[in-house]
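As written in TrEMBL, here are the features:
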TRANSMEM  12-34  transmembrane segment
TRANSMEM  54-72  transmembrane segment
TRANSMEM  84-108  transmembrane segment
TRANSMEM  129-150  transmembrane segment
TRANSMEM  162-182  transmembrane segment
TRANSMEM  240-259  transmembrane segment
TRANSMEM  280-302  transmembrane segment
TRANSMEM  340-363  transmembrane segment
TRANSMEM  383-406  transmembrane segment
TRANSMEM  412-433  transmembrane segment
TRANSMEM  440-463  transmembrane segment
TRANSMEM  521-543  transmembrane segment
REGION    580-611  region 'Disordered'
COMPBIAS  600-611  compositional bias 'Polar residues'
Amino acid sequence: MEPSRGIGTFVVWDYVVFAGMLLISAAIGIYYAFAGDKQQTSKDFLMGGRRMSAVPVALSLTASFMSAVTVLGTPTEVYRFGAIFSLFAITYLLVVVISAEVFLPVFYKLGITSTYEYLELRFNKYVRLCGTIVYIIQTVLYTGIVIYAPALALNQVTGFDLWGAVVATGVVCTFYCTLGGLKAVVWTDVFQVGIMLAGFVSVIIQASVVQGGIGNIINDARNGGRLNFWNFNPNPLQRHTFWTIILGGTFTWTSLYGVNQSQVQRYISCKSRFQAKLSLYINLVGLWVILVCAVLCGLALYSRYQGCDPWTNNQVSAPDQLMPYLVLDILQDYPGLPGLFVACAYSGTLSTVSSSINALAAVTVEDLVKPNFSSLSERSLSWISQGMSVLFGALCIGMAALASLMGALLQAALSIIGMIGGPLLGLFSLGILVPFANSIGALVGLLAGFAASFWVGIGAQLYPPLPERTMPLSLETYGCNNTHNGSNWMTTTAMPFSTSAFQAPNVERTPLMDNWYSLSYLYFSTLGTLVTLFVGILVSLPTGGRKQNLDRKFLLTKEDMLFNFDNFKKKEQVLSYKSHPAEEGGTDNPAFNHIEMNFTDPSSGTSGTHL
């Protein structure tokens, strides 16, 4: 069905709704930063941090997972490649089970705050240093894409200057990060999840009304070949099949949920191991709801534009702008609702970026500055910490500029998580699952994993796979009325989907490009994880791995697996914060707040030093 008139523009009420969302988010941060001296002591932080219950933490996990990349990228993905993306529902289930049953028990019983602290306890400080540096690089790259995505939406929907919006996002988040502790981060996330759902639901309801019901939307999708759920082709070069999404997707997202500092930090803040596991399982429901909303929005996009694709018709310059285009098209008669949708995209960004910048600053201070400059006073560390927040904010804005060259947002984001997260997942898996793995094996395995995943990942950016590998579905323009008065309202830089700015000029396709570099981007992580594990095991065996005397608490044990059954028989185990003696090495790293925690002091809690 072709819209008979031009699309709308932003009006005053849209700006009011959008500004309201930003103000409430900032206010929650300011409240926790300045309400009395609530964040000054570790005892108070203990009540907010290590005493969180499952529901707010679950919503927070969902919010930081669901950035603007999800809001803008997933519906476009469904519009162009079909609803096979909804198979990620199975992937999320596997990821949550693996994170809750394999990684969480080990991190929780050690009482560590930084996942990289585990690497020093299990291997040595050099492995920890490698893990920390890699985490910093991965998070800066990913955060750059997360900042760029909503700026693109803002530019599309409101005509805001694209780079003005990028800088504004970075600045707002950097400001936001210097305020509240974990408590503020979690509660702003809870608010932002509400906004995101409201944005999605308003689009789905109005699209159903305009298109004559959900039934019509589903029928249009079926007729257009969009309901392509079951593609069991085992070829690893096909971009999305049942196997790439279930196997590749599970490795990709486990690297994010199982071992990534930003996520682990949240569920470890729960008051008991049972609550921590519960938060992951409740968060699974959140992920499913978001996925269903995003897929429905993608099908609505197709139903609306099946006869006239705005991208091929040059009404938008990049596929990631299709969602905002739809919003202005169908919601123009409802002032405030387009603003709600942009607030929805922006909320995803705030929750992800604020936690990233905060974690980056604290990880840098704890893992890199403190061990090397032990003479620094608490006051100096406080200044360094805030300086780091500003520095990482600026770095992420710089990365956003690079993100604008990387092709489609969703794929770029998942490629980065895969290329860097895969080898890190392999490293932690070596430590937790392989008793004879040693530090030499861990380091060599990590380097081999990086070599493999970067080789294929960078090759795929330079020589993108051909359409027969990515299999985009057809987009039609037969119904377009080219005197459409909305066709020249946009002034963004073009960002074609299938190419990248790093792409080599037309070169002869070699077998290497058509096979190795055409590997599905979801397998980058799988490749990195498996190479790291395999090489780590091979190197550990001849270098004395079997002779080392290892404490079993660093491994996943039978007791950890049986814990779920014991839980109903005996009282919940409450976290004993310091379960390893200090001389075993490793410093506490509260990666979400600028408070050094010391939970052994039962007095009024003045033991927490404000960095």
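Cβ atoms here come from the backbone N, Cα and C positions, even for glycine.
Whatever TrEMBL says is automated annotation, not expert-curated.
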Would you call the transmembrane segment (521-543) and the transmembrane segment (54-72) in contact, using three or more Cβ pairs under 8 Å, pairs 6 or more apart in sequence?
no
Same-chain residues near the transmembrane segment (340-363), Cβ under 8 Å, at least 6 residues beyond its ends:
14, 17-18, 20-22, 25, 29, 60, 63-72, 114, 116, 132, 135-136, 139-140, 142-143, 146-147, 149-150, 153-154, 157-158, 169-170, 172-174, 176-177, 185, 188-189, 191-193, 195-196, 198-200, 202-203, 261-262, 265, 323-324, 327, 331, 385-386, 388-389, 392-393, 396, 589-594
Is the count of Cβ pairs under 8 Å between the transmembrane segment (280-302) and the transmembrane segment (412-433), pairs 6 or more apart in sequence, 3 or more?
no
Whether the transmembrane segment (84-108) meets the transmembrane segment (412-433): three or more C-beta pairs under 8 angstroms:
yes
Using a Cβ cut-off of under 8 Å, list the residues of the same chain at least 6 residues beyond the transmembrane segment (54-72) that approach it.
145-146, 149-150, 152-153, 185-187, 189-190, 192-193, 196, 199-200, 256-257, 262-263, 266-267, 269-270, 275-276, 278-283, 286-287, 290, 294, 320-321, 323-324, 344-349, 351-353, 355, 409-410, 413
When you scan the chain for residues with a C-beta under 8 Å from the transmembrane segment (240-259), skipping those not six or more beyond its ends, what do you find?
61, 65, 81, 84-85, 87-88, 90-92, 94-96, 98-99, 102-103, 115, 230-234, 280, 414, 417-418, 421-422, 424-425, 428, 471, 520, 522-526, 529
